[in-house]
Amino acid sequence: MEAVWKVYRLFHYLKLIGIWISGAAVMVMMLLIVYDVVMRTVFSSSIRGGFEIIQNYMMPLVVFPGLAYVYSSGVLPKMDLLLDRFGPKVQKAIILLMIALELFVLALIVQFSWAFAMDGLSRGIAFPAAGTLYPLYPFFFLIPIAFGMIIIENVFILIRNLLEKKPSLLMEEPKQQVEDLL
Amino acid sequence: MDNLLVIGIILVMMIVLLLAGLYIHSVLLASGIIGLILLEGFGILPGLLGNEPFNRVASYTLTTIPLFVLMAQFILQSGLVQDIFYLVHKVSKGKNSLLGILTLIIGGMLGAVSGSGTATSASLGQVAIPELRKHGYSAPLAGAVAATGGSLSGIIPPSIILILYGVATETPVGSLFIGAFIPGILTMLVFIAVMLVYFQLGKNKQAALPSEALKQQAPEEKVPALRLIIASVIAVSIVFIIFGGIYTGVFTPTEAGAVGAFVGLIAAFLLGKVNVNFFKVSLIETVKLTGMVMIIMIGAQIFGRFVSLSLLPRRLIEWLEPIMDQPALVLIAISIVLFIMFMFIEGAAVILMSIPVLLPIIVELQVDTLWFGVFVAVICTIGLITPPVGLSVYAVAGVSGITPGSIFRLTTVFALVAMVVVTGLMIVFPGLATWLPNSM
Amino acid sequence: GGGAEGEETITLRAATGLSAQHAWWEASMVPWMERVEELTDGQVEFETFTGGELVSVPDEGDALQTGTVDVALVLPIYQPDQFPMAEVTMLPLNHSDTIIASNAWKNLLESEEELADGQTYTEMQFGDFKVFPVSTTQEYSISTTGHEFNTVSDIEGTSLRTPSRIHEIYASKTGINSVTMPAVEIYDALSRGTFEGAFYSIADWTGYGFQDLFTYTLTGINFGHFNAFIGMSQSRWDELPENVQEAMEQANDEIFEAGAQEWIDRAETIIPDNEENGGKFVEFNELDQEVQDHFNTGIEDTWTDYANLLEDNGLPGNDLVKMWRDLLIEEGGEVPDAIMDLE
Ligand code: NA
Ligand code: NA
């Protein structure tokens, strides 16, 4: 298990890079919209193509790079009423089944979103803004990457449950429940 | 496979998976994907699974979600709430019941700058509970006041619930915000009334107990008057800029998220709270909440495609046919179902998973979609304080150390009274939600 | 889906991202489906999904190709990266109406004339689709919440919502500030004065309640016609029995004109209502001559710019705009002299 944790640490850095990309994208998005509002109000001219660029570039950048970190942070809601009432053996069986189901669903999403991105690449999917075309397909690849990272997270969780006694749906318990809820 | 059989299988599967504790987004994804396979075979998946995640996220209107959350984070990290509460404490000196009322009003006002009920509850819990305890409120009542006050963010605009509803149903978000104003105030008044009853009951019980001892326990921290003035000016300015800006057309309700976050950042800067850690906490929490909402939205979208293809809404309308000429009855039935769903499931997820089924019924009933959005937001707000999944209560319990169970015992009563009074009044007088947006 | 046998019922999934009240759905697609059901004596049935319940605008074309739906209203102008030559019907004009433009659009789609590389227009743009032409929209106008165009400086810097790439070219040529935002937010933003107006067809106003907002509309100048077609994937089409194919063709011929007339009827009920609420419709040729010239120069520049844009991408832009011009003139449309002179 020690070796697994070591590899998991490395993977954690990858997730951190992701969340910082997302965080930076949030700031940039805020500034772009504020700038657009100011320009429109004061100089009655808006960023040409600003709306489309924010929608098609910034939103995917805000959501997808950080998604694996979000997944592993314990913030995603679930109903945990019954699980705790079972013994550890039953708990582990349920958790293994759930991980299997997650992996099945995630694998399908990765497969088809990858196919979608490759199709977009071959057709050169672009969006029109302010009279010109901006390439859109590179951003399609964010989806298989994001969900692929969640698959890796789930493989780690699967290994943890196979190697360790205590059943768990997360690799690491959130450090502070409060911080997460904030 | 026969549609009804598939719907039955998927419904059972959803309940089992929810109870087993699978993540909500995974429940939606798994049910949607397996339902689609059962209905149409594997061939239907490429066209729906490949593009939906990107198309769902790439939406300008949805920028409000990260940006309103960012605004709330900036404001919470700036310490503004603490300063305002200190002021409230000064104002209500000596009048204990007034302190509770003001806490709830502050909750409502915080709601006006924050889209997230959980975040507001947690910060209110941190600053208000010690004060309330000093002034004769039992621990559970103090917790309940903070939790219910914070939950008001769900209905008092801007509200992320209303944004999600607006996006899902193509109802103008600005009109939803305006429509939610009166029901939001009404919910707050109901909470105040229930709180006063509990406060009186508690006072009678411990009348003999001298409260002086409690009062002297914690020495008060002095906040400089200048800081208080700055804090009040900033707080008023934020509300003024957001609503003034929307109303005068300087920016749209969507853009208000960005402007609000920017103003929040300036406020934090003026209060001297901006440093590396400030950005780290604010941004990570924003991305976390946004990711949570978005991954559920993606799941709900794919589940929604299954719901559409299964023709479930059309079947439901057929089944409801005998009572479809009595909209009030259908609405009461819908609100009970929603109340139960909001008890168990996080609010945004409920909105996103129920809209594909409910909207066709609402349209068929010829009920105003704006009214229905506000109606759902009220029930959702109430769901933040009902057990077993009441995020506002958990947030307060987390920061205060009061057990969630003891808070829930009270908030359930707050919830039931608000449910009956506010939704009842809204059904009888639909104008409570539609009058303001129509007259503007 | 069903098989190819004569007696078996064929259920086709039909979809649009537009609302069920939209003229294209209500007055073209629905009558078409009903007629197909009649003509095939119930052999073909349709299961319908509107308002983005199953597919959103502009993903209908992709949904046809992936097999999510069997038949759909396709709006190719929204995807200039995939259908760069579809925007040709959005080119601004001096005169046309829904009937003129619809016939020209139908003729363009059905034209046997080689446009380039031995291919017709439809083969070049919509080769993967079986195309049933439906009417274009009514002509686009400029409408504002009160802003008037009395001098050239009234045009420059005015913020208008632009619905397509052609309008953005036109806006930049005439100094108009183009604004883009989601359709659901336009009402809010317009009513609070966030921007001044939009390029929009009058018949489409009611979809978002604009009849209560616009008080100044320029008529007698025409900012193009949005187009659409009822589409199927070529492979799905090929699977259908011959009698069904014939029924679909026949049904489309029968509903085409009434579908176009619907736009005119809708506009005719909206205009008096709007006038009663203080709305003003201003004739283009009553404007100051300098203002007219400014608008007209923009029209000419937009045609040449669009043609050049296509040529730069290796497409027959010059031939296409001339072909479109000729089809329009044939049906009774009018364009500025400089465009008549294009050779
Ligand atoms: Na709020
Ligand atoms: Na709840």
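Just so it is clear, glycine is given a Cβ too, placed from its N, Cα and C backbone atoms.
Record features (TrEMBL):
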type     : residues  : note
TRANSMEM : B:5-24    : transmembrane segment
DOMAIN   : B:11-430  : domain 'TRAP C4-dicarboxylate transport system permease DctM subunit'
TRANSMEM : B:30-50   : transmembrane segment
TRANSMEM : B:57-76   : transmembrane segment
TRANSMEM : B:96-120  : transmembrane segment
TRANSMEM : B:141-165 : transmembrane segment
TRANSMEM : B:177-199 : transmembrane segment
TRANSMEM : B:225-250 : transmembrane segment
TRANSMEM : B:256-274 : transmembrane segment
TRANSMEM : B:286-308 : transmembrane segment
TRANSMEM : B:328-358 : transmembrane segment
TRANSMEM : B:370-395 : transmembrane segment
TRANSMEM : B:407-436 : transmembrane segment
Same-chain residues at least 6 beyond the ends of the transmembrane segment (B:328-358) whose Cβ lies under 8 Å from its Cβ atoms: 18, 24-25, 28, 117, 154, 160-161, 164-165, 168-169, 293, 296-297, 299-301, 303-304, 307-308, 312-313, 316, 320, 365, 367, 372, 375-376, 379-380, 382-384, 386-391, 419, 423, 427
Maximum Cβ pairs under 8 Å to the transmembrane segment (B:286-308) - stretch from the list B:5-24, B:57-76, B:256-274, B:370-395, B:407-436: B:57-76
Contact ranking winner - B:5-24, B:30-50, B:141-165 against the transmembrane segment (B:407-436), Cβ under 8 Å: B:141-165
Positions whose Cβ lies under 8 angstroms from the transmembrane segment (B:30-50), at least six residues beyond its ends: 1, 3, 6-7, 9-10, 13-14, 17, 22, 299, 302-306, 309-310
